[in-house]
Amino acid sequence: MTSTARQRVTVLGSTGSIGTSTLDVIARHPERYQVHALTAHTSKETLLAQCLAFRPAVAVLASERDAEWLRAELGQRQQVTEVVAGPEALCDVARDSSVDVVMAAIVGAAGLLPSLAAAEAGKRVLLANKEALVMSGALFMQAVARSGATLLPIDSEHNAIYQCLPSEHRGGLARHGVSQLLLTASGGPFRTWSDAAIAQVTPEQACAHPNWSMGRKISVDSATLMNKGLELIEACWLFDATPDQIQVVVHPQSVIHSMAAYHDGSVLAQLGNPDMRTPIAYGLAWPERIDAGVEALDLFQVARLDFETADEARFPCLPLAREAMRLGGVAPVVLNAANEVAVEAFLDHRLRFLEIGNLVEEALSAPIGGHADCLESVLSADQRAREHAAGWLKRWSA
Ligand code: NAD
Ligand code: MG
């Protein structure tokens, strides 16, 4: 590949776990990729280091004050990166006409508008931000279809399923001979803990995942199994599946990243070391394959693969998410918003681990109805669910 054919990449959330892994893969292939924009919420020092290493055209921070600081630091080093601030700037760097690829790796609902902007602009969208799809699955998939965007899932399970499905898989799984999607789950760090021990879990324990190193929010979601619930919803949208067509399989080794079962009895699986650089490299290079810096899987060292069902009574967030998808409308928006409020409160020591599920369940029973067919009603449901959850928290701690 010549330098003129280099793909221009925007990395939304470049300072996070997925963002830094993305830059690690990009750095291995300077002849293929060039960074257009990098964005961070508040981690300005990390963003400065990334700007010096990757020389993007644009850098985005949340506040104008942080942007001013970064401008001054880059100016002192004679670097010409335009530094801008605010949520609209995130959408601008996602839809910029010079951009080919957008890595959507902002965490939570904050990633919705820029991820959607990339989809609407017809980019190759590498979607890590699962909350965007949970909130606006119908709108997102319509935007992709309308614009001709290429949507490649980065969540390791969905990336695995994508690799196990025929290249054209829209229009319902049955049409393609697929009977079920098998969504693997590590089971999180508390799979084998007693109920009494789980009741005392601290944020530090919840963020220490046995197999994956991830941001704090998704680490807590993995521990409650809400992550698997969000992924179930994500899979429904990505693969035109119903919740009943998706079976969660607890697989503690995290070597099989998910599977597709076919009507003829075949089960296709994708395996690999648990390292997000594999799905990221897949998304960047698809349909080609490139080095991701990931060690080859040593099956003899893995030695055995175990499987069990998920304990939905002990981890109610998973059935709550399935129920929200079955209910449809804005129920997944409410689930996601209440979960974000609950996780933040847990990380701040304002809510106990087991109360995360209680708060989500309570929010789902609140009278927040509506269709999820326009962005305004999605954003309004998100707002109302957050207010409801915050009110519950206030009463709870009073
Ligand atoms: P992280 O917390 O490590 O990073 C989040 C990034 O988003 C940071 O760059 C941060 O600056 C930015 N950000 C946070 N809040 C923001 C806001 N309000 N506005 C703008 N930017 C903001 O998170 P992560 O683990 O990298 O996860 C990112 C996304 O990818 C999440 O949606 C997560 O569910 C998904 N994901 C992550 C993994 C993983 O292994 N980490 C795996 C699968 C999916
Ligand atoms: Mg995942």
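Easy rule for this one: first residue shown is 1, then count along the chain.
A Cβ is built for glycine as well, from the same backbone N, Cα and C atoms used for every other residue.
Note that TrEMBL annotation is computational and uncurated.
Annotated in TrEMBL:
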type	residues	note
DOMAIN	9-137	domain '1-deoxy-D-xylulose 5-phosphate reductoisomerase N-terminal'
BINDING	Thr15, Gly16, Ser17, Ile18, Asn129, Glu131, Gly215	NADPH binding site
BINDING	Lys130, Ser156, Glu157, Ser186, His209, Ser222, Asn227, Lys228, Glu231	1-deoxy-D-xylulose 5-phosphate binding site
DOMAIN	151-239	domain '1-deoxy-D-xylulose 5-phosphate reductoisomerase C-terminal'
BINDING	Asp155, Glu157, Glu231	Mn(2+) binding site
DOMAIN	271-387	domain 'DXP reductoisomerase C-terminal'
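Near Ile18 (NADPH binding site), with the C-alpha within 10 Å of its C-alpha, lie none of the binding-site residues Glu157, Asn227, Glu231. Proximity of the binding-site residues Asn129, Lys130, His209 to ligand 1, judged by a Cβ distance under 6 angstroms to any of its atoms, singles out Asn129, Lys130 in sequence order. Annotation: Thr15 carries the greatest number of neighbouring Cβ atoms among the binding-site residues Thr15, Gly215 [cut-off 10 Å, Cβ to Cβ].
Within the same chain, the residues at least 6 positions away from Ser17 (NADPH binding site) whose Cβ sits under 8 Å from its Cβ are Ser213, Met214, Gly215, Ile218, Met276, listed in sequence order. The distance from the Cα of Lys130 (1-deoxy-D-xylulose 5-phosphate binding site) to the Cα of Gly16 (NADPH binding site) comes to 15 Å. Comparing the binding-site residues Lys130, His209 on other C-beta atoms within 10 angstroms of each C-beta gives the minimum for His209. A Cα-Cα distance of 19 Å separates Gly16 (NADPH binding site) from Glu157 (1-deoxy-D-xylulose 5-phosphate binding site).
Between the CA atoms of Glu231 (1-deoxy-D-xylulose 5-phosphate binding site) and Asn129 (NADPH binding site) there is a gap of 11 Å, rounded to the nearest whole number. The binding-site residues near ligand 2, defined by a Cβ under 6 Å from one of its atoms, are Asp155, Glu157, chosen from Thr15, Ser17, Lys130, Asp155, Glu157. The Mn(2+) site is defined by Asp155, Glu157, Glu231, and by the 8 Å test on Cβ atoms against their centroid, the other residues of the chain that qualify are Lys130, Pro153, Ser156, His158, Asn159, Leu183, Asn227, Lys228, Glu234, Ala235, Ser258. Mean pLDDT for the domain 'DXP reductoisomerase C-terminal' (271-387) in the predicted structure: 97. Across the structure, His209 (1-deoxy-D-xylulose 5-phosphate binding site) and Asp155 (Mn(2+) binding site) are spaced 16 Å apart at their Cα atoms.
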